[in-house]
Amino acid sequence: MVKSRNDLFFMSFVYLFIAAVFVVTFYPFWNILIISLNSAEDTLRGNLYFWPRDFSLASYEQILSDGEIWTAIKVTTLRTIIGTPLAVVVISMLSYTLSKRELVGSRFWTLYFIFTMYFGGGLIPYYMVLKSLHLIDNFMVYILPSMMNVFYMIIVRTFMQQLPQELDESAKIDGANYLQIFFRIILPLTTPVLATIGMFTAIMHWNSWFDSYVFTYDSDLKTLQAVLVKILNQYQTGSMVNDAQQAADASKRMAVSPDTIRMAATMVATLPILMVYPFLQKYFVKGMTLGAVKS
């Protein structure tokens, strides 16, 4: 098939636009990576655009040498591993319940949950509720409040409503109850959309720092993001930089700088999610289209 000049012009424009978007979105990440892998002394010269001029892992060594970092990684990994599947199960079970037409007051309960998306009690009442539940300075403060997300529930509920009702009816004829129908029929059919909200929930758990910053005081309960914020603040004030530079004075060379530390900290927090995303990408794309239309 011979393409017309207009088609060729349009396709050329599309490819150029996609290439421009790729450069604009990818280059900041690449720049962070090369600065984090460059020596602080060479970084101060500037003009660092495409690759490290003086390769160095000093910034990563400085960050990972802090024992608090490893404790925070364990806490963050644990909350992600525990919180993600629990949230997916709770959201999917509630979505299945609200998707049933025979549920008395299903519209009322749906609006009841949607109401909470737009109106909240504020931080202080929320803190008081958590305190009354003995969740302050407790690991479960990361798990219990995040087990429900109304927006994800709406997406999953809408998808389940699009499934043929005959599936439930035929299963009931065979003697299956609601739990058997849910676990044996509904869950396998909703794998794409559940994988999507699972990935979003995992990213939320991994990147969360505010709940750790406000609701926990024990250093053994701090998450990775909260510890990295603390480290970045310390480097901005210069306290940790001075310690690192004093250790590097023996070699007459600046080992780290605030810029290289910030970039290395960003990479430490980002790489785990980037490593997991490719394995879930196919579910992510399919799940977003399946549950995109909300009623």
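Glycine too: its Cβ is placed from the backbone N, Cα and C atoms.
Owing to the predicted nature of the structure, the values given are computational and were not obtained by experimental measurement.
Listed in TrEMBL:
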type     : residues : note
TRANSMEM : 12-30    : transmembrane segment
DOMAIN   : 73-280   : domain 'ABC transmembrane type-1'
TRANSMEM : 78-96    : transmembrane segment
TRANSMEM : 108-127  : transmembrane segment
TRANSMEM : 139-160  : transmembrane segment
TRANSMEM : 181-206  : transmembrane segment
TRANSMEM : 261-280  : transmembrane segment
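For the transmembrane segment (181-206), the most Cβ-contacting stretch among 12-30, 78-96, 139-160 is 78-96 (pairs under 8 Å). Pairs of Cβ atoms less than 8 Å apart link the transmembrane segment (139-160) most often to 78-96, out of 12-30, 78-96, 108-127.
Remote same-chain residues near the transmembrane segment (108-127) are listed as 94, 98, 136, 150-151, 153-154, 157, 214-215 (criterion: CB distance under 8 Å, separation of at least six residues from the stretch ends).
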